[in-house]
């Protein structure tokens, strides 16, 4: 196997498997430190994604000319990070297999720092577009690397809430970008992003390498040291570590030492993607991610000013309403994070999503009746319905879609699955954000709400039928559930493998 030089994380457990209760807080604090770096990177990503919402109106207002940035160019600036991140998803998914998670995360942070620097010193629209394109690598990191870090570095009992906080923090970044742009010059947004990036780089320096990656490379002693440094030595952590190492030994043994020819590699590739343990979680991950997007919240957040101007007919009121809606969205997401600690993932996702869809249909009907002049518009009713919709989707698809997607990614062929999910996600996000202005223009707001409502309803029905429960399960247990393998069968297989090792 790979014999690269690696600074081993000190093994403080020795041969002791039981952890002192007085030191039980240490693994949590280590995982919290690592997660805070990931959350900060998601916050910075939200700053970058939300920046065009403030940059474009300010530049138009300064020039006293809306044509200085055409609607087509504005949609490109808003959506281009999805398209520019497309090739990097493929690259990162391959490279993470060979160099791990830590180095790529550093590269991603340096990329966004460079993009924010270009945005800060930009003097024309081309520079702003280039800055958005440069965010592509960092946006790919959010799909590929951050998901791996939060699922592989954290314990099952913390993983769910850490993942939901990650999703909430993205919208916190968008809100911060909107707040800065509402009261200050837009160039303060990239300046704030650069400052936040420095903190992220400091935290990454304290990370060990992922135990899951080390196990996949056959470096089991380093894997055990890293796992115990991160998650401690209690009984549950040791069981997770044993299952991880046994599973990887079993997989490596099944692969053998013979080098495969190109034809055999192609055959093995198609065999992998046709296996139920691969295509089922991958397809469900894509579907769950689509629910978060087709809820419509991201599209409405990035085009909030244009939408609220049409509803309120007043620019200053639109800015205030945008900040209030974003604030309520963030508060609701953190409430949802707390609820997810006690409620099953599947239940929370499906119930909250269904309520959100209900308000999408109500909004669509309400705006359509206004258009037909059957009822008169009331700004308070419009904003109240938007608030109710925001609360529902914030507690459900916005936080839970990323959490469930991250947990469903299979342990084996993890890089390939993340690559497929990431490529699909980037393409769908880019197309949706690019076409959203056309949807608003030709179908109106009522048509947009109806479109998102129908799309979300379809996805909810699919997930209701096929989505399993993942709460408080290890990644290996989730993978076994996808294959239909019962826990006792895994134990028997592990015992046989240990007997063969002794022989």
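Glycine residues also receive a Cβ, built from the backbone N, Cα and C atoms like all the rest.
Long-range contacts of the transmembrane segment (32-56) within the same chain, counting only residues at least 6 positions beyond its ends with a Cβ under 8 Å from a Cβ of the stretch, are 69, 74, 77-78, 81, 105, 108-109, 112, 115-116, 119, 128, 132, 135, 138-139, 141-142, 146, 149-150, 153-154, 162, 165-167, 169-178, 180-182, 186, 189-190, 192-193, 196-197, 199-200, 203-204, 206-207, 230, 301-305. Annotation source TrEMBL lists transmembrane segment at 32-56 (among others).
Regional average pLDDT for the domain 'Major facilitator superfamily (MFS) profile' (34-471) in the model is 82. Annotated domain 'Major facilitator superfamily (MFS) profile' per TrEMBL: 34-471, in sequence order.
Marked as transmembrane segment by TrEMBL: 76-96 (among others).
Here TrEMBL flags 103-122 (among others) as transmembrane segment.
Under the heading transmembrane segment, TrEMBL lists 128-150 (among others). Tertiary neighbourhood of the transmembrane segment (128-150): same-chain residues 34-35, 38, 41-42, 44-45, 48-49, 52, 55, 73, 76-77, 80-89, 91-93, 96, 101, 104-105, 107-109, 111-112, 114-116, 118-119, 122, 159, 162-163, 166, 190, 210, 212-213, 402, 405-406, 409, 414, 418-419, 421-422, 425-426, selected by CB-CB distance under 8 Å and a gap of 6+ residues from either end.
Taken from TrEMBL, the feature transmembrane segment covers 162-183 (among others).
What TrEMBL records for 189-207 (among others) is transmembrane segment.
Annotation comment: TrEMBL describes 283-305 (among others) as transmembrane segment. Remote same-chain partners of the transmembrane segment (283-305), defined as residues 6 or more beyond its termini with a Cβ less than 8 Å from a stretch Cβ, comprise 49-50, 52-53, 57, 78, 167, 171, 174, 178, 318-319, 322, 325-326, 329, 349, 353, 356, 360, 390, 393-394, 396-398, 401-402, 404-405, 408-409, 417, 420-421, 424-425, 428-429, 432-433, 436-437, 440, 448-449, 452, 455-456, 459-460, 462-463, 466-467.
Look at TrEMBL and you will find 317-336 (among others) tagged as transmembrane segment. Counting residues 6+ beyond its ends, the transmembrane segment (317-336) has Cβ neighbours under 8 Å at 164-165, 167-168, 171-172, 174-175, 178-179, 182, 297, 301, 304-305, 308-309, 311, 348, 352, 379, 383, 386-387, 390-391, 394-396, 398-400 in the same chain.
Same-chain neighbours of the transmembrane segment (348-369): 288, 291, 295-296, 336, 339-340, 375, 381-382, 385-386, 388-389, 392-393, 395-397, 400-401, 404, 444-447, 449-450, 452-453, 456-457, 460, 463-464, 467, counting only residues six or more beyond its ends whose CB sits under 8 Å from a CB of the stretch. What TrEMBL lists as transmembrane segment is 348-369 (among others).
Residues or ranges marked as transmembrane segment by TrEMBL: 381-406 (among others).
Positions annotated as transmembrane segment by TrEMBL: 418-440 (among others).
Look at TrEMBL and you will find 446-467 (among others) tagged as transmembrane segment.
Taking every recorded stretch in 103-122, 381-406, 418-440 and counting its Cβ pairs under 8 Å to the transmembrane segment (76-96), the highest total belongs to 418-440. Among residues of the same chain six or more beyond the transmembrane segment (381-406), those with a C-beta under 8 A of the stretch's C-beta atoms are 147, 150-151, 160, 163-164, 166-168, 171, 284-285, 288-289, 291-292, 295-297, 311-312, 321, 324-325, 328-330, 332-333, 335-337, 339-340, 345-346, 348-353, 355-356, 358-360, 362-363, 366-367, 421, 456, 467, 470.
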